Amino acid sequence: MEMQMSNSDRYRIEHDSMGDLRVPIDALWGAQTQRAIENFPISGRSMPQGFIHALGFIKAAAAKVNAELGLLPKPMAKEIEAAALDVAAGRYDADFPVDIYQTGSGTSSNMNANEVIATLAMRATKEPIHPNDHVNLGQSSNDVVPTAIRISATLAVQGRLLPALKHLRKMINKRARGLGSVVKTGRTHLMDAMPLTFAQEFGAWSAQIVSAEARLNDTLKRLHRLPLGGTAIGTGINTDPHFGRNAVKVLSALTGIHFESANNKFEGLAAQDDLVELSGQFNALAVALMKIANDLRWMNAGPLAGLGEIELPALQPGSSIMPGKVNPVIPEAVVMVASQVIGHHTAVTVAGQSGNFQLNVTLPLIAYNLLESATLLGNVVMLLADKVIVGLKVRQDRVQEVLERNPILVTALNPIIGYEKAAVIAKRAYKEHRPVLEVACEESNLNPVELARLLDPTALTEGGIYVVGGGGG
């Protein structure tokens, strides 16, 4: 591509350990980033912004600590720190073009940060600032990138996903309270089963979200252990022994999250099990959301030829050829997001295995998939809460009609007349399209008043064993 540009003024010459290289005149990056741009024209997708911002935090913390340790002149460190914080604030996202499919250590992205920050800092000081010797002082891509993944993933989960889940849970609980007295037909194997209330059905969804929140919070505890200071392979070569611990303290202050210096930095570089675990929690959440979304789709199906228990908010025309058709578009989007997150987890699982000896070499892929999953889940959870749960309506006439004809209500008579006799009643009620109460009156010795009590759907939602002349026990 660059050979097509005839105007040499559009380039400048940059130098790295491999020699000279032409770089676009206005680019903040240098030779190593340019080499990566030319080496990896693969997907057209650059590293996630959250990851780039985490690199900014790390470089700011490193400059501050290196100055405190007397390893970096304070005026230089001040400018590096300021430039790095600008990167962390997202002011230079466009200057991080390196493809996600790059060197497995993420060195190209680390050097992208080093070069951009060095350029910005030099503009302020007018003094030479080297991306390796100064910005990357006391660091290696091998400890910086795993640290950046953990920071960015933690920020994404705590800042977006967990609040979204809390919001969804609150909306589900609010609707459950409002619909608590409405009884509906339960279903197992997609077939009619015993009754339950909408509050009980919604409560199961809420419990799934509660469990997802708990699992995520538990996993985050392990993500808070940062391997910064391990440098190349975990030994801490070419860094001050106090650098890692001190830098992590600064990172905690910058992000507002209590991070810790990993006790075993070899693990933090060579193994990414905690990141695979986080991906697994995303996977489990995706499964839960897919279940909830599919329940909503089934309950909304129809409105005439399906279950038709609820009516979801009409958000857009559903068909380009069938007038008046409205589809459950948000639940469908939830299903697609869940499918993608499950796919991401497969990629992260394979990537987690791809570390030989002292370094995992699929770190950019892990970073991309984790942060993409967190973003997708956080966004779609909010939509599910605000565009579906809040506005759904129960079609009580339809729910009551189906409930009254549900032959499975006869299950409550098992302790009194036996399973086989109850089955006869259920089959006859279904075959003759009659309420089970009518058929039970004809097929049993129980009087209608007693049968009405025993087959009361509301009472059946409370469980227990029902006997003649008494309630559930």
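Numbering starts at 1 and runs along the chain as displayed.
Positions of Cβ are set from backbone N, Cα and C atoms, glycine also.
According to Swiss-Prot, the features are:
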type     : residues                                           : note
BINDING  : 105-107, 130-133, 140-142, Thr188, Ser320, 325-327 : substrate binding site
ACT_SITE : His189                                             : active site, proton donor/acceptor
ACT_SITE : Ser319                                             : active site
SITE     : Glu332                                             : site 'Important for catalytic activity'
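Sequence features, as recorded in Swiss-Prot, placed on the structure.
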residue	record	DSSP class
Ser105	substrate binding site	coil
Pro131	substrate binding site	helix
Ser141	substrate binding site	helix
His189	active site, proton donor/acceptor	coil
Ser319	active site	coil
Lys325	substrate binding site	coil
Glu332	site 'Important for catalytic activity'	helix
Using only C-alpha positions, which one of His189, Ser319, Glu332 is spatially nearest Pro131 (substrate binding site)? These are the recorded positions in the record.
Glu332
Ser319 (active site): tally of other CB atoms within 10 A of its CB:
10
Mind checking which of His189, Lys325 has the fewest other CB atoms within 10 A of its CB? They're the recorded positions.
His189
Going by Cα-Cα distance, which of the recorded positions (Ser105, Thr107, Asp133, Thr188, Ser319) sits nearest to Glu332 (site 'Important for catalytic activity')?
Ser319
Work through the binding-site residues one by one (Ser105, Thr107, Ser141, Thr188, Asn327) and point out the residue whose CB has the fewest other CB atoms within 10 angstroms.
Thr188
Cα-Cα, whole number of Å: Thr107 (substrate binding site) versus the residue listed as 'active site, proton donor/acceptor'?
51
What residue among the recorded positions Pro131, Asp133, Glu332 has the most other CB atoms lying within 10 A of its CB?
Pro131
Closest to His189 (active site, proton donor/acceptor): which of the recorded positions Asp133, Ser141, Ser319, Lys325, Asn327, going by Cα position?
Asn327
Write down the Cα-Cα distance for the residue listed as 'active site' and Asn327 (substrate binding site), rounded and given in Å.
8
Listing them in sequence order, which of the binding-site residues Ser105, Asp133, Ser141, Thr188, Lys325 have their Cα within 10 Å of that of Ser319 (active site)?
Lys325
